[in-house]
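Student: I have a structure here, written as structure tokens, and I will follow up with some questions on it.
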């Protein structure tokens, strides 16, 4: 039996189907809201091809693990090293020290194929901040390389036991079950880690091991291929970042890709002919380079020039990133495959390692010097210092899963000898507001009780899978506030999602909290949303100074109003007796909303108010409390 497999150009066509939606999704083309599922198609292809090669070599007694690893390195390292070096060089000129340190850490993670583990511990793939992380996309490369490291040994053992299909099927079933069960409570780990992703590659491996005969009738291949294509396209166009993923929903692109690989082997298959179209196969051949280059380009372009704001800009950005990938394929990939592949093993390995030397040198020096601060002026470093401009009480007075503070043990901030007449109840966005308000009220001999719980807005009966203690915390907090005669005013603080529909649970629970508090005679203050950013506000200010750009903005005023329209409607629709604070007017001037002023950044990250920003909010709240007190005095004074 031959140890080589026949080249199938239609699989390169399938690669094109995988990579183009990913690029369009990342470029902001809304129609491709599920373009991220293209990565699942890549996984199936990789599992199929690698298993086809290894299994035949094992059967012909020609498989050498060292040769396998060397070929993987020859294939992947030159482009990877080029992307990492380019990221470090561009970041050298555009990234402030703290951000540059994070880039260096991600470079090391990507170079050691552990970036999926690194980003699991640091980043949410679907969050707005993802658009500031140029190597986030390398998580999938980490998955594949970890699979390549371990899977050959699994196959060797499976063939020796003469149970390759059974053992791989069991492994796939275990991985899929783990992915499905862990998705709700451990969504980030399920997304990023190999144990919950391996089944996607193993489906491709099973297809290679079973070696089903090509469908004898064209009509059968057509039905199977169009079914597979429909499954893939359904995900690409109808999934979005709110879709529970991977888990069971990943079956659609995975099984769809497997059906396409199998059915397009028929020589007369219509989709095979479309996939064999030269421009399509070219995109497929260049798919690795396109994938590796597209995301750093999109991120750095957005950070320096701004992210696409309309469809034309998004398509243009996608087209440019694809062209960069095609250039990389035509130069770096073809050169490295031609030159390195002809070398003997030891010189080839030395050549591959030497490619990484400048990457290692620059990333190491960046970490050792805390971001190469000599590159920037002192005002850049001062601007970045606002990353730590948060409440001194955040660690000790803020509750969360596993460390909930009972009402009796909650922190009272401000004037130490005064009972607290004001309470801040909410999620983590109320932490700095409580501290800043305590500063404002201390001269008036008033104090503030902080009642904040991470990712838990003050909406009773709100159940959150990620915060199982939230509901009981809110119920206990509400009852404690009502029962406390000293508390006269309650500030409700909540994170309002951008560009998202507010759930009925949140809406009803928030309104119910207000109703219960007012029924108990408490004065209620609610804040309108604030214009959050996609990046850390201090970093944006520091970068604008580095690049001599105008004052950093988060968005236009019009965009702010549109993106938060449901949140504005929620606050505006509360009873007239509720005091509504429009602190966003401190952040938005004329037609733009800014991330800071001469006093510093308004946020210490992308959405949590810094102490500087919180002081602006607290000033408005203190004025509202003063007006409430004046009104109470006026209404209680008898007329003469």
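We number each residue from 1, going along the chain as drawn.
Even glycines carry a Cβ here, placed using N, Cα and C.
Bear in mind that TrEMBL entries carry predicted annotations, made automatically and left uncurated.
Features from TrEMBL:
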DOMAIN    9-326  domain 'Acyltransferase 3'
DOMAIN    397-622  domain 'SGNH'
TRANSMEM  35-55  transmembrane segment
TRANSMEM  76-97  transmembrane segment
TRANSMEM  117-136  transmembrane segment
TRANSMEM  148-178  transmembrane segment
TRANSMEM  190-212  transmembrane segment
TRANSMEM  219-239  transmembrane segment
TRANSMEM  245-265  transmembrane segment
TRANSMEM  286-305  transmembrane segment
TRANSMEM  311-332  transmembrane segment
TRANSMEM  344-368  transmembrane segment
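Could you place the listed features in the three-dimensional structure?
Tutor: Counting same-chain residues at least six beyond the ends of the transmembrane segment (35-55), those with a Cβ under 8 angstroms from any Cβ of the stretch are 3-5, 11, 14-15, 17-26, 29, 63, 68, 125, 140, 143-144, 147-148, 151-152, 155, 159, 164, 197, 200-205, 207-209, 232, 235-236, 239, 241, 245-246, 250, 252-254, 256-258, 261, 287, 291.
Through the fold, the transmembrane segment (76-97) approaches residues 103-104, 107, 110-111, 134-135, 138, 141, 145, 288-289, 292-293, 296, 300, 303-304, 328, 332-333, 335-336, 340, 352, 355-356, 358-359, 362-363, 366, 370-373, 375-376, 380-381, 383-384, 539, 542-543, 546-547 of its own chain, all at least 6 residues removed from its boundaries and within a Cβ separation under 8 Å.
Through the fold, the transmembrane segment (148-178) approaches residues 50-51, 54-55, 58-59, 63, 65, 68-69, 72, 113, 195-199, 201-203, 205-206, 209-210 of its own chain, all at least 6 residues removed from its boundaries and within a Cβ separation under 8 Å.
Non-local neighbours of the transmembrane segment (219-239) in the same chain are 17, 21, 31-38, 40-41, 245, 249, 252-253, 255-260, 262-266, 268-272; each lies 6+ residues outside the stretch with a CB under 8 Å from one of its CB atoms.
Within the chain, the transmembrane segment (245-265) has long-range Cβ neighbours (under 8 A, six or more residues past its boundaries) at 8, 10-11, 14, 18, 36-38, 40-41, 43-45, 48, 179-180, 183, 190-191, 196-197, 199-200, 203-204, 207, 212, 214-215, 220-222, 224-225, 227-232, 234-236, 239, 271-272, 275.
Non-local neighbours of the transmembrane segment (311-332) in the same chain are 20, 23-24, 26-30, 78-79, 82, 282-283, 285-294, 297-298, 301; each lies 6+ residues outside the stretch with a CB under 8 Å from one of its CB atoms.
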Student: Please indicate, using numbers and ranges, the residues of the same chain that are 6 or more beyond the transmembrane segment (190-212) and have a C-beta under 8 Å from a C-beta there.
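Tutor: Hits for the transmembrane segment (190-212): 40, 43-52, 55, 116-117, 119-120, 125, 139, 143-144, 146-147, 151, 164-165, 168-169, 171-173, 175-176, 178-179, 182-183, 245-247, 250, 254-255, 257-258, 261-262.
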